[in-house]
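Asker: Reproduced below are the annotations present in TrEMBL:
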type	residues	note
TRANSMEM	54-80	transmembrane segment
TRANSMEM	87-109	transmembrane segment
DOMAIN	98-324	domain 'Amino acid permease/ SLC12A'
TRANSMEM	150-169	transmembrane segment
TRANSMEM	181-204	transmembrane segment
TRANSMEM	224-244	transmembrane segment
TRANSMEM	276-295	transmembrane segment
TRANSMEM	301-322	transmembrane segment
TRANSMEM	381-401	transmembrane segment
TRANSMEM	413-434	transmembrane segment
DOMAIN	444-483	domain 'Cationic amino acid transporter C-terminal'
TRANSMEM	446-465	transmembrane segment
Amino acid sequence: MRPLALTRGPILSVNVRFSAAAAIACTARAWRYAFDSLIGDRISQKLEETVPLHAPYFLATDADFFALGLVLLLAVLLALGVPESAWVYRVFTGINLLVLSFIILSGFINGDLHNWKLTEQDYPLATAVFSYSLGPPGAGGFVPFDFEGVVQGAATCFYAFVGFAAIAARERGDLKPQRSISLISLLMCFLAYFAVSAVLTLMVPYYQIRHHSPLPEAFLHVGWGPARCVVAVGVLCALTSSLLGDMFPMSRLIGAMAEDGLLFRGLARVYGHTKIPVVAIMSSGSLAGIMALLFEFSHIANLMAVASLLAYSMVSFSVLVLRYQPGQNLSKSEKTEEETEMELVPVGSPLDSVPEAGTSNILKSLWLPTSTTPTRKSGQIVYGCAFLLVLLLSILSLVLAQWPRRVFSGDPALTTVAVLLLLLITGVTAIIWRQPQSPRPLTFRVPALPVLPLVSIFMNVYLMMQTTSETWALFGVWNAIGKLLSGIKRLLE
């Protein structure tokens, strides 16, 4: 199988599709929580009384028909016409920016630096006043749960990069998509996440943050009761625009995958002079609505993070492999070099000497390739080494995620395993580094190969190791559904 097939295969297509669906489901659940906080949690109480789910542990406590209806309503809005939904999107985005600016400015005004310098004595004092959302206190201070807590939080919040991917997906119709992806937009997204997180933890101690409705309750905590309603309305507008922003590219993505043959061809069908993919919109909305109906918010967010991390890991792997592969049509010089390599093997030699000569040539080409441009042999070497590196990096990530303190405290067995893995990873990386890279001109070339893609793969796999067993069980269920649909598609074709 060609390396390029990894970026277009069924595994990655399932991950991308479910990652986008999980983003919509997660946002729909958050919309319900924000609206529910304005009316005194009446929706949650009613759902728990009428439609509780007595099912396995990875399902929600109640069936969220409110979130399902919200997703289907917005899907119908998109199916009716892009101009109408785009107008609503612009209005909600404008309100979102205004409220976001208000949150950041007023949050810094009402913030207290003491919330970043908490001690263990502050926790029992707060318990006597507040009775909701008090989790484990940690060690206090700016990083209360040390580096492990930061990594676990990063693994959970990695779903934020789904929004960054949506920005990149919208540049598909640009005249120069390789140069037109706005880094300023990505920087603004980062600053917005950073500023809101900072003001939230400055206004409210981290162990008193309301999980389902943090920002409106934060203003209630500092005594700005009227601002709570304004912020809640802004949050609803922001989540609505986020839903539209996620559903629009998802339907286009499903349509493009259907055109490529990765999904059912009927999903690419468009109707009317507006060329709206109604089938793709409604099918993606139904899938996201079912996820919002059945699964808990935290499980959906973790599932989305795992799917995104796996997709980015596969992209990094593909970038690493493709840069060392020969072109589709080998030049005459490359063909001559390969033929010369084949002629180096003596034809009339004894049978027992042929394996020795072949092994010698392979070992020599690992460090001293015979060509300055990629050949079929060098491409296969990089392909095999890349798979070996993924395996070694996964084992190292598992060791560091499960026993970090024992590794860094000098445990003889685990430290030896980690050092041996690092030595093997360094050696295999050096072999890839010695292989010739493709000289084909590209608009953008990933720098620092092969180190940068390997660092990306390691960080992604390490973050995936931080997720819970419930997330992996749910991820396995969705992959099984994806494989079942792929099998049905093959049978129908």
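A Cβ is built for glycine as well, from the same backbone N, Cα and C atoms used for every other residue.
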Asker: Quick check on the domain 'Cationic amino acid transporter C-terminal' (444-483): DSSP residue counts for helix, strand, coil, in that order please.
Answerer: 29 helix, 0 strand, 11 coil
Asker: Counting only residues 6 or more past its boundaries, what in the same chain has a CB within less than 8 Å of a CB in the transmembrane segment (224-244)?
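Answerer: For the transmembrane segment (224-244), the far contacts come to 24, 27-28, 30-31, 34-35, 37-38, 70-71, 74, 77-78, 85, 88-89, 92-93, 95-96, 98-100, 102-103, 106, 110, 163, 213, 215-217.
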Asker: Across the whole of the domain 'Amino acid permease/ SLC12A' (98-324), what does the mean pLDDT come to? Round it, please.
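Answerer: Mean pLDDT across the domain 'Amino acid permease/ SLC12A' (98-324) comes out at 78.
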Asker: Quickly jot the same-chain residues contacting the transmembrane segment (54-80) by Cβ under 8 Å, restricted to those at least six beyond its ends, or write none.
Answerer: 24-25, 28-29, 31-32, 43-44, 47-48, 88, 240, 243-244, 247-248, 251, 276, 278, 281-282, 284-286, 288-290, 292-296, 299, 470, 473-474
Asker: Going along the chain, which residues at least six beyond the ends of the transmembrane segment (276-295) come within the CB cut-off of under 8 Å?
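Answerer: Hits for the transmembrane segment (276-295): 17, 20-22, 24-26, 28-29, 53, 58-60, 63-65, 67-72, 74-76, 78-79, 81-82, 247, 250-252, 254-255, 258, 266-270, 303, 474.
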Asker: Near the transmembrane segment (381-401), which residues from the same chain, at least 6 beyond its ends, have a CB less than 8 A from one of its CBs?
Answerer: 3, 317, 320-321, 324-325, 365-366, 407, 414, 417-418, 421-422, 424-425, 428-429, 431-432, 435, 454, 457-458, 461-462, 464-466
Asker: Are there 3 or more C-beta pairs under 8 Å linking the transmembrane segment (301-322) with the transmembrane segment (181-204), counting only pairs at least 6 apart in sequence?
Answerer: no
